[in-house]
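Annotated features in Swiss-Prot:
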ACT_SITE  R164  active site
ACT_SITE  K188  active site
ACT_SITE  H258  active site
ACT_SITE  R261  active site
ACT_SITE  H284  active site
ACT_SITE  Y293  active site, O-(3'-phospho-DNA)-tyrosine intermediate
DOMAIN    1-103  domain 'Core-binding (CB)'
DOMAIN    124-306  domain 'Tyr recombinase'
Amino acid sequence: MITSFYAFLDYLKNMKASSLHTLRNYCMDLSSLKCFLEKKSDLSPTPPLSLHDNTYDYPPLSFSLFTKDNIRLYLLEQIQTHHSKRTVRRRLSAIKSFARFCVKNQLIPENPAEMIRGPRLPQELPSPLTYEQVLALMAAPELDKVTGFRDRCLLELFYSSGLRISEITALNRADIDFQSHLLHIRGKGKKERIVPMTKVAVQWLQDYLNHPDRASVEQDHQACFLNRFGKRLSTRSIDRKFQQYLLKTGLSGSITPHTIRHTIATHWLERGMDLKTIQLLLGHTSLETTTIYTHVSMKLKKQIHDETHPHNLEE
């Protein structure tokens, strides 16, 4: 099984173009399964799988251990050792993907995890920002440095087009159509889509890309957003700067760049955009994913109703 684990990780990297974050999660989740199956077969523990070095001489691990019963026992152990439901569901998803790969490559006759269901998650409604909070956040970057222009531009694009943080960092200069105010986005699973930008976002993007201090450090000539060394900006850097701006504006530290994606989706819905259009703009595979914003919008309307209705104010 070990060589199959590595073949699967190689497939994700080279054929599916999975992000480093995704690869790390798969590597960690399959390592966890490997550890469990080693215990089941009374093998001594071996090092976890590695994305960088697959030269370790692992003892044989038979596919005969890769059964529905053992997968169920593994998931039960994960729950009993206080792993979150979200983690358990992710690990089951990794196992199912690996099993599908094995079936496709005729390593096993059928997928033993296909009919296994993970623990049900409570529906957590995203809490969007108000428009005033969005404006306060956008005003946080200081514009005396090129990094301030960059960060203001990032925030404008998040709110303008509802982009994921990974889509922002992957954005290239060639993906921008300034004349039509459109962006060519490569989303999850290599899915591509075209999304519009607001005039305000276009102006900030032009100001940032034409900033003389940007050109003086530029080393990556394709990337749209650069760090202070002139290389492509990372998601970790965006997260770190985002937290600094939250602190500066006094907003909750639980807010993330993805919150702005939830926010613009909710604002679109409240202003009359239909769900199908929102689905296409956000790059959701399923309309069911987009439907959550109808619940958010109704929750906000109920809150405003409760806070402003005359009968409630009289209490």
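Including glycine, each Cβ sits where the backbone N, Cα and C put it.
Residues in the domain 'Core-binding (CB)' (1-103) partition by DSSP class (helix H, G, I; strand E, B; coil) as 69 helix, 0 strand, 34 coil. Checking Cα-Cα distances from H284 (active site) against the active-site residues (R164, K188, H258) with a 10 Å cut-off leaves K188, in sequence order. The Cβ of R261 (active site) lies under 8 Å from the Cβ of F158, G162, L163, R164, L282, each of these being in the same chain and 6 or more residues away along the sequence. Ranking the active-site residues R164, H258 by how many Cβ atoms sit within 10 Å of each one's Cβ puts R164 at the top. Of all the active-site residues listed here (K188, H284), it is K188 whose C-beta has the fewest other C-beta atoms within 10 angstroms. Of the recorded residues, K188 (active site) and H258 (active site) place their C-alpha atoms 14 Å from one another. For the recorded site, H284 (active site), the DSSP three-state label reads coil.
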